[in-house]
Structure formats: C-alpha cells, structure tokens
Amino acid sequence: MRFEDVLHEIGGFNKFQFLVLYILWLPRVILPLHFLLHNFISGVPPHHCSLPHLDDRYAAGTEKDSDEVLALGIPRNADGSYSSCKMYPLPLNFDPNADLSLVYGNQSNVSVPCQHGWVYDRSQFTSTTATEWDLVCDNKKLNQALATFFFIGVTLGAVMFGQLADKFGRKPMIQVSFVASSIFGIVEAFSTSYVMFAIARTLCGLALTGMSITTVALCVEWTDVKHRTFTGTIISLGWSVGNMLLALLAYLIRDWRHLILAVTSPCLVGIIAWWWIPESARWLLANGRVEEAQKYLIQCAKMNGKHSYTHKLDTETLKKITISEVTNKNHSYLDLVRTPKLRKIVLLSGIFWFAVAFTYYGISFNITGFGLNIYLTQFVYGVIEVPAKVGTYFTLDWIGRRNGQAWSLIITGALIGLNSVIPTEFSAVRTGIAIIGKGFSEAAFTIAFLYTSELYPTVLRVAWATPLL
C-alpha cells in the first residue's frame, strides 16, 4: 500500500489539511518582511556634504538664502542638482563673518570629497543603515553589500536546513527557525556597528530559510496529489500578503531599528503557533517512526470525519508502507547526483531557479524611478502577485509545469529588457511594464516551488531548495 492510498482514505484535502495550511501561512507572511526589508532599512535619502563652517548661516536664513549659502559650499551636477559627495574646500584664513560670496569667489572650482560627514534629508526616512554609518559615496557599496550578506545566509541556510530537516524532521526545524530568526532579528535592531549588523543580518537570512524550505515540503506532504497545485498556490499567497504588509509597516515606521523589531515580532507568534503544527507523517514513515506517524494519521482521520478508517491504521500496515517506499534510510546530498535522472533534475532546476531568483529579486529591489513613491510601489508589487498566482493555478494544469516555467521566465525577461530601453521621462509606461513584469516573475517563482517539490523523491524533497539562489 502506498502512502497516497492511506492519505486518500483519511482525507487528503479536508479540515486537517486546511488547519495545516492556515498555520503555515504565518511563516510565509513573515518571509517577505525580511527578504525585502533591505528596500527600506538601507534606503539612501538625498544628502550632501556637511558644512559646519556655514551651518549658522544656513540654518538662520530663508529657504532662498539657505540655498544660496549651500551653493557656495557645494558644487552642482550637470542637471543642476547639488553634488552628494563633493564640496568646495574651506578657504585659507576663513573668516566666518566675512562676505561668503567674496570669500568663495576667490576660490577655484576644484572640489574635494566630503570632509565633515553628510547632511541627510529626513523627510522620507528618519534613519537607515546608510545614515547610521554614513554608507554613501565611497562607502555606498558597503550598504549594497548588506543585501548580499543576507542572501549568502539564505543560501547557507538552504544547505543546512535541508540536511537537518531530512534528519530531524520538518516540525523541529520550523521551531528552530522561529527562535533563531527572533534572536538574530533583535540583535540586528540593537547592532552598534556595521560589522555587527552585517553578521546578524547574515545569520538572520540563514535562520529564515528554515521556514522557507520546510513549510512548502510539509504542506505538500500532507496534501493529496490532486490538490497540491491549489495548496501550493494558496500558501504562496501568504508571501504576497507579507509583501503588502511590509509596505504598510515601512510607511508607518521610518526608523530602521524600530522597523526591524516590527517585522521580527511575528516570529514570536510563530513560536506559539508551532505547537499546533503536525509533523509530516510521510517523513515519519520514511524514517521508521511508525508510532508517531500513526498518531498524526489518526488525528487527521478523526478531524476529517473518517472515523471508520482509524482502526485500519495499525502499525503493521504502516510498517509495510515504510518498507515499500524506503529501501535506504541514510540519505545525503550525494543522493541528488547518484543517478543520471537526478543529476539532470538538479542541474536543470538549479539553472531555472537562478533565473527565477535573479529576475524576481531584481525587480523587487528596484522600487524607485517609476513615478510612484517607494511605499506605494512596494504595495502594488505585492498586489499584482495575487492575480499572478491565481492565474497560475488556473492555467498550470492546462499548460503544464515545464511550459509554464519557461514562458513565465521568457515574458519576464522580455519585459525587463523592454523597460531598460524606455526613457525615464515615460514614467507611467515604465511603471506599468514593471508591474506586469513583477506579476510574471512571481508566476515563475510559484511554478518553481510547485515544480521542484514534485520532481524530487520524498526523502530528498527538502534538498531542492538549496539552489534557490
């Protein structure tokens, strides 16, 4: 007897599966709050060199006078805006009471890098990592590197949690992920240096991956084959809700430390909700833990109203399922390349996962220059994902996983290319194309999760998330 036969008898898509789906929605909402957080905690507001020798006159004057004073110390760019990284050097024997136009009028037009730090426009962000540690101009790459550090942690976490979830189970790793994400998120918020924050950010990315790869596997393994596409689509909507929630939180909370604490707080709720998450009966049987599998299968049968079938869930019957489905209980990542078929799957899925992540995050981290403010752009990006996922559900069984994956990526790439050649003056057109491209990139992401989770055997199912990035 196959496990799918047992799952069909006790209800492969009923009240028990909906309970699992509802609980696992929480970690799916949490993930984008952190994965896309860089857009707001590391935003770079308009800035210019600090001019301490002109501060008194700059602050005391009218807006027109202040602009004139600023023009004396800051050179202008070709478009007429003030330079963000250059200033005129302080004249020798500078007299703060002298006529500034005469003092600077005798100076050459040679500019120098900022000598006294920067002044930031606080109208959009109260503070970010860029303003906290002056990660602008020559140091702007350090600010951009924070996103890289986070996704390095995600990649390492995929390898680590894939192995641990296969060895210790899906449920324990979800709790480890909740706890570790809470701890590292708090450490991030109270970081006192760039290095401390970068390390905490990397470790937080590592911890969050436990939610990413185990929730999908757990949800799929409790659902019958017929409804896996629907289940995968519904649980993925949690990511879209988190995407929209991030826009709201970022709009309301403009301080980067407070925003990190706000997006980390749902992990504490997850720690409590974890007690109601069932372990994968399929995984338990595959690892010889028949009694525990029996307990969860009986719970499933009772909740789904299949009381008459509970007496058939004896340990002897379940042991036969274990023997028929698993011949070798010791598995590792080497199993992914042990046979020609698996090697082909790993190689090709790794390639399209790279394309999926590259296009999705490439669009998601570009929320400026479209004629909308960044908060509205972020929200609209989240909204467009909903019809993209619903459309994926209704078309996937019709066009197939492979065709759906290919065409969603092709269309996304074409729209990105089209947007790159449209002049910035046509902001409305660029915005519309970017939003449509975001929808197709999300469709590609949804299909990738469903497709790869179905391609791998049960005992290797959590390992497929390793090539996520």
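Even glycines carry a Cβ here, placed using N, Cα and C.
TrEMBL: automatically predicted annotations, no manual curation.
These figures come from a predicted structure and were not determined experimentally.
Through the fold, the transmembrane segment (18-37) approaches residues 150, 154, 174, 177-178, 181, 185, 204-205, 208, 211-212, 215, 218-219, 222, 231, 234-243, 245-246, 249, 259-260, 263-264, 266-267, 269-270, 273, 276-278, 303, 364-365, 378, 382 of its own chain, all at least 6 residues removed from its boundaries and within a Cβ separation under 8 Å. Residues or ranges marked as transmembrane segment by TrEMBL: 18-37 (among others).
What TrEMBL lists as domain 'Major facilitator superfamily (MFS) profile' is 85-469. Within the model, the domain 'Major facilitator superfamily (MFS) profile' (85-469) shows a mean pLDDT value of 85, rounded to a whole number.
Residues or ranges marked as transmembrane segment in TrEMBL: 142-161 (among others). Counting only same-chain residues 6+ beyond the ends of the transmembrane segment (142-161), those with a CB under 8 A from a CB of the stretch are 34-35, 38, 42, 44, 129-130, 133, 135-136, 173, 177, 194, 197-198, 201-210, 212-214, 333, 361, 365, 462, 465-469.
Residues of the same chain lying 6 or more positions beyond the ends of the transmembrane segment (173-192) and with a Cβ under 8 Å from any Cβ of it are 27, 30, 34, 161, 164-165, 200-201, 203-204, 206-211, 214-215, 218, 257-258, 260-261, 263-264, 267-268, 270-271, 274, 277. TrEMBL lists 173-192 (among others) with the feature transmembrane segment.
Tertiary proximity for the transmembrane segment (198-220) is limited to same-chain residues at least six positions away from its ends with a CB under 8 Å from its CB atoms, namely 20-21, 24, 27-28, 30-31, 34-35, 145-146, 149-154, 156-158, 160-162, 165, 170-171, 173-174, 176-178, 180-181, 183-185, 187-188, 191, 228, 231-232, 235, 270, 277, 280, 449, 453-454, 461-462, 465, 468. According to TrEMBL, the transmembrane segment annotation covers 198-220 (among others).
Look at TrEMBL and you will find 232-253 (among others) tagged as transmembrane segment. For the transmembrane segment (232-253), the residues of the chain that approach it from at least six positions outside its boundaries are 21, 24-33, 36-37, 39-40, 215-216, 219-220, 259, 262-263, 375-376, 378-379, 381-383, 385-386, 389-390, 392-393, 442, 445-446, 449-450, 453, judged by C-beta separation under 8 angstroms.
Here TrEMBL flags 259-277 (among others) as transmembrane segment.
Annotated transmembrane segment per TrEMBL: 345-363 (among others), in sequence order. Sequence-distant contacts of the transmembrane segment (345-363), counting only residues of its own chain at least 6 positions beyond either end whose CB sits under 8 Å from a CB of the stretch, comprise 151, 336-337, 381, 405, 409, 412-413, 416, 434, 437-438, 441-442, 444-445, 448, 451-452, 455-456, 464, 467-469.
Only residues 6 or more beyond the boundaries of the transmembrane segment (375-394), in the same chain, are considered here, and those with a CB under 8 A from a CB of the stretch are 32, 36, 39, 229-230, 233, 236-237, 239-244, 246-248, 250-251, 363-364, 367-368, 404, 408, 431, 435-436, 438-440, 442-443, 446-447. Residues annotated as transmembrane segment in TrEMBL: 375-394 (among others).
The transmembrane segment annotation in TrEMBL covers 406-422 (among others).
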(message) Checking distant contacts: for the transmembrane segment (259-277), what same-chain residues at least six beyond its ends satisfy Cβ-Cβ under 8 A?
(response) 19-20, 23-24, 26-27, 29-30, 33-34, 37, 40-41, 171, 174-175, 178-179, 181-182, 185-186, 188-189, 211, 218, 246, 249-250, 253
